[in-house]
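Annotated in Swiss-Prot:
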MOD_RES   THR2  phosphothreonine
TRANSMEM  29-46  transmembrane segment
BINDING   HIS118  chlorophyll a ChlzD1 binding site
TRANSMEM  118-133  transmembrane segment
BINDING   TYR126  pheophytin a binding site
TRANSMEM  142-156  transmembrane segment
BINDING   ASP170, GLU189, HIS332, GLU333, ASP342, ALA344  [CaMn4O5] cluster binding site
SITE      HIS190  site 'Stabilizes free radical intermediate'
TRANSMEM  197-218  transmembrane segment
BINDING   HIS198  chlorophyll a PD1 binding site
BINDING   HIS215, HIS272  Fe cation binding site
BINDING   HIS215, SER264, PHE265  quinone binding site
TRANSMEM  274-288  transmembrane segment
Amino acid sequence: MTAILERRESTSLWGRFCNWITSTENRLYIGWFGVLMIPTLLTATSVFIIAFIAAPPVDIDGIREPVSGSLLYGNNIISGAIIPTSAAIGLHFYPIWEAASVDEWLYNGGPYELIVLHFLLGVACYMGREWELSFRLGMRPWIAVAYSAPVAAATAVFLIYPIGQGSFSDGMPLGISGTFNFMIVFQAEHNILMHPFHMLGVAGVFGGSLFSAMHGSLVTSSLIRETTENESANEGYKFGQEEETYNIVAAHGYFGRLIFQYASFNNSRSLHFFLAAWPVVGIWFTALGISTMAFNLNGFNFNQSVVDSQGRVINTWADIINRANLGMEVMHERNAHNFPLDLAAVEVPSING
């Protein structure tokens, strides 16, 4: 009798690390994208929390007029924000070691750039991690594609727009009131409400909410009865069960009679594709709109487009919006400009001597 002994190859430390990183048995999947995602998102989150609580005022406009954004400097949850990096820094890469001191770095809004750049890297890696986990499990890749919409939107307001405008000081502040301020100034300078891509984004977000509510209510209203009146309808579903938990034929029949036959999906797969694609495409277009307006390709201008036979202007809603835009324009960054650009661009009437 001959015994054959095989020597088991010992896996290297690197090999075990690779197996652990790419294992789908972990409670939370890490993946190669996660190796970069975890430190970048932890850094962005940590600095955000510290700066939101304790960062000193920032000279956002580069005119020696610091703006307070943290809780310890007089703000609350609504008014507080991470103030964007100073206009004096512009688009320069501004890590801590580029400043003469930490005080100077804080005064010039260094934390904003640190948070934004780490955050964008982190969410991009999160998207890659979604694809990676789908790939490992043999799933289709559309979860990551759907997530690309909010990633594109965040990249547009935090990176593309500052690049187009020439300074990180024009990026969106990281706070509630700061977000509203960004929206108001964006409307004043770019007339975003009159941009078709923003309109598509509104249709995507509101339409997505409507379709989500319609789908959820239709499914909930056509559940197959599995319980008595004395227990929750949710008890009628067991995780992983093979049979349908609702009657799609009944839901299709109801909605087809409520609207008309062809307004109702009779294919569950095409229905769920539509529910995913509608808001995603809308938000893609909004991100594209922000990215084009970043380089001053602005919304439609229909100002003073209707005149009477005497040449007098008959105001339309476009003129009302324009008047609001001018008001917002003259009020923002009020000490940074000698005269607002939009008003200064108007041709001065000639005076006959």
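Keep in mind that glycine also has a Cβ here, set from the backbone N, Cα and C atoms.
Features recorded in Swiss-Prot, as mapped to the structure shown.
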residue: HIS118; record: chlorophyll a ChlzD1 binding site; CB count, 10 Å: 20
residue: TYR126; record: pheophytin a binding site; CB count, 10 Å: 19
residue: ASP170; record: [CaMn4O5] cluster binding site; CB count, 10 Å: 23
residue: GLU189; record: [CaMn4O5] cluster binding site; CB count, 10 Å: 20
residue: HIS198; record: chlorophyll a PD1 binding site; CB count, 10 Å: 23
residue: HIS215; record: Fe cation binding site; CB count, 10 Å: 17
residue: PHE265; record: quinone binding site; CB count, 10 Å: 19
residue: HIS272; record: Fe cation binding site; CB count, 10 Å: 12
residue: HIS332; record: [CaMn4O5] cluster binding site; CB count, 10 Å: 14
residue: GLU333; record: [CaMn4O5] cluster binding site; CB count, 10 Å: 16
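Note: the stretches the transmembrane segment (142-156) and the transmembrane segment (118-133) are in contact (3+ CB pairs below 8 A, sequence gap of 6 or more). Under DSSP, PHE265 (quinone binding site) is assigned to coil, being neither helix nor strand in the three-state scheme. When the alpha carbons of HIS332 ([CaMn4O5] cluster binding site) and HIS190 (site 'Stabilizes free radical intermediate') are compared, the span between them is 14 angstrom. Across the candidate stretches 29-46, 197-218, 274-288, the maximum count of CB pairs under 8 A to the transmembrane segment (118-133) is reached by 29-46. Whole-number maximum of the Cα to Cα distances across the quinone-binding residues HIS215, SER264, PHE265: 11 angstrom. Over all protein chains present, the Cβ of HIS190 (site 'Stabilizes free radical intermediate') has 22 other Cβ atoms lying within 10 Å. Distances between the Cα of GLU333 ([CaMn4O5] cluster binding site) and those of the recorded positions HIS118, HIS190, SER264, PHE265, HIS272 are shortest for HIS190.
Summary of the quinone site environment: with the site residues HIS215, SER264, PHE265 set aside, the chain residues having Cβ atoms within 8 Å of the Cβ mean position are MET214, LEU218, ALA251, HIS252, PHE255, LEU271. When Cβ-Cβ distances below 8 Å are used as the criterion, the transmembrane segment (197-218) is approached by residues 251, 254-255, 271, 274-275, 278-283, 285-286, 288-289, 292, 299 of the same chain, each at least six residues removed from its ends. Sequence-distant neighbours of SER264 (quinone binding site): residues of the same chain at least 6 apart with a C-beta under 8 Å from its C-beta are ALA251, HIS252, PHE255, GLY256. Put simply, of the binding-site residues HIS198, HIS215, HIS272, the one whose Cα is nearest the Cα of TYR126 (pheophytin a binding site) is HIS272.
Nearest by CA distance to GLU189 ([CaMn4O5] cluster binding site), out of the binding-site residues HIS118, HIS198, HIS272, is HIS198. The shortest Cα-Cα distance from HIS215 (Fe cation binding site) to any of the recorded positions (HIS118, HIS190, HIS198, PHE265) is found for PHE265.
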